[in-house]
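*Asks:* Before I ask anything, let me first share the structure, which is written out below as structure tokens.
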Amino acid sequence: MGGMTSSMAAKFAFFPPNPPSYRVVAEETGKLKMTEVANHENVDVLKVKTKRGTEIVAVYVKNPSAKLTLLYSHGNAADLGQMYDLFSELSFHLRVNLMGYDYSGYGQSTGKPSEQNTYADIEAAYECLKETYGVKEEDVILYGQSVGSGPTLDLSSRLSRLRAVVLHSPILSGLRVMYPVKRTYWFDIYKNIDKIPLVQCPVLVIHNRVKAEDDCKRTGTEDDVVDCSHGKQLWELCKEKYEPLWVKGGNHCDLELYPEYIKHLKKFILAVEKSAHLRSGSVESVDQMDSQKGIDSRPRQSTDHREKSRSSTDHREKPRESIDRKEKSRASVDKRERSRKSTELTEKPSNNAEQPEKARNSIDRFGEMMRSAVLCNIDCFKPVRTKV
């Protein structure tokens with residue numbers, strides 16, 4: 001690894017959709033709205049300043065039945081226009097308020113994408129939730145998808161009263177996507193492996209199904225971008241583990257298409273909704289929490305590993321096959337069909353308990369809607385070809 005310097009970080013690239021899938025325009029009233037998506041009265045479009053001088057675009061989806069708020073950090077090859085329908089559906093099915101945002105340089109957000117900018121971006125979105133909508137830290141769930149697991153874990157490692165974290169196809173670190181290194185190098189980016197032990201709240205990990213450990217490391221099961229060992233190792237390092245979801249046959253880009261995705265996510269939201277989050281950042285014991293059988297509350301010693309290198313047990317690291325694949329573009333969706341389906345699914349939820357058949361149909365409609373949108377929004381890190 002002697003020849004690897006800080007230039008390694010430069011080999012990782014961000015892939016914002018180009019051109020962006022939407023524009024932001026102001027109505028006569030001054031209210032902002034997004035083009036190329038269905039407009040809903042319960043969705044606010046905002047522009048938020050970050051401490052690094054950029055201005056990011058965010059959407060806030062309101063649900064009148066919500067007790068919790070989800071702050072969603074999307075994958076590497078997506079923007080808000082492509083995530084808009086998913087955000088609306090998640091807010092409806094999970095009964096949460098949801099804020100999603102575009103990283104600097106994505107969509108109509110200004111600036112250029114970088115690791116440090118994404119950290120400032122999620123901080124700005126979080127501060128907006130508190131200041132504009134009065135959301136309390138203990139009512140926030142951070143959701144990070146693929147590269148979005150980086151800003152999600154950076155922020156959650158610094159918030160002691162956060163309600164919960166969801167990691168969807170997460171990465172151990174940027175370098176580990178390409179190389180099976182056994183230690184953290186100073187030039188690595190998104191050092192999630194060192195930050196996950198610092199998270200004080202329940203964590204749900206969603207990834208493609210884990211086979212035998214050796215098979216997982218060798219083949220990456222079905223995920224051709226981030227293999228299952230990333231999700232498995234992050235889950236093992238969690239301080240408070242919730243029953244993970246390993247999706248059989250799932251890939252890096254399509255976990256939302258599987259019925260168990262929304263069912264398990266809903267179960268997790270209900271569990272943490274019932275939990276009493278104390279000021280110390282701890283959660284009630286498993287015995288006191290309904291539907292929370294999967295959380296492991298055993299304490300783990302927490303030390304800040306962010307700037308320390310892990311000891312190497314294998315100095316013969318061999319580069320994994322390059323992740324240089326063709327960008328998976330999202331197919332355009334028939335706006336009229338999407339609008340019709342959105343109208344069907346955003347009807348006011350009933351106060352009565354959902355019957356099993358209704359719940360099953362609701363989940364089926366969610367899967368159909370995601371499939372019609374050809375949801376494939378992540379290509380995570382890709383190495384940029386450089387001349388030697």
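Yeah, the Cβs are placed from backbone N, Cα and C, and that goes for glycine too.
What TrEMBL says about a protein is an automatic prediction, not a curated fact.
So TrEMBL has the following annotated:
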| type | residues | note |
| --- | --- | --- |
| COMPBIAS | 282-291 | compositional bias 'Polar residues' |
| COMPBIAS | 293-347 | compositional bias 'Basic and acidic residues' |
| DOMAIN | 66-174 | domain 'Serine aminopeptidase S33' |
| REGION | 280-363 | region 'Disordered' |
*Asks:* Can you tell me the mean pLDDT for the domain 'Serine aminopeptidase S33' (66-174)?
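*Replies:* Result for the domain 'Serine aminopeptidase S33' (66-174): average pLDDT 96.
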*Asks:* Per DSSP, what is the residue tally for the domain 'Serine aminopeptidase S33' (66-174) in helix, strand and coil?
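*Replies:* Split by secondary structure, the domain 'Serine aminopeptidase S33' (66-174) comes out as 49 helix, 21 strand, 39 coil.
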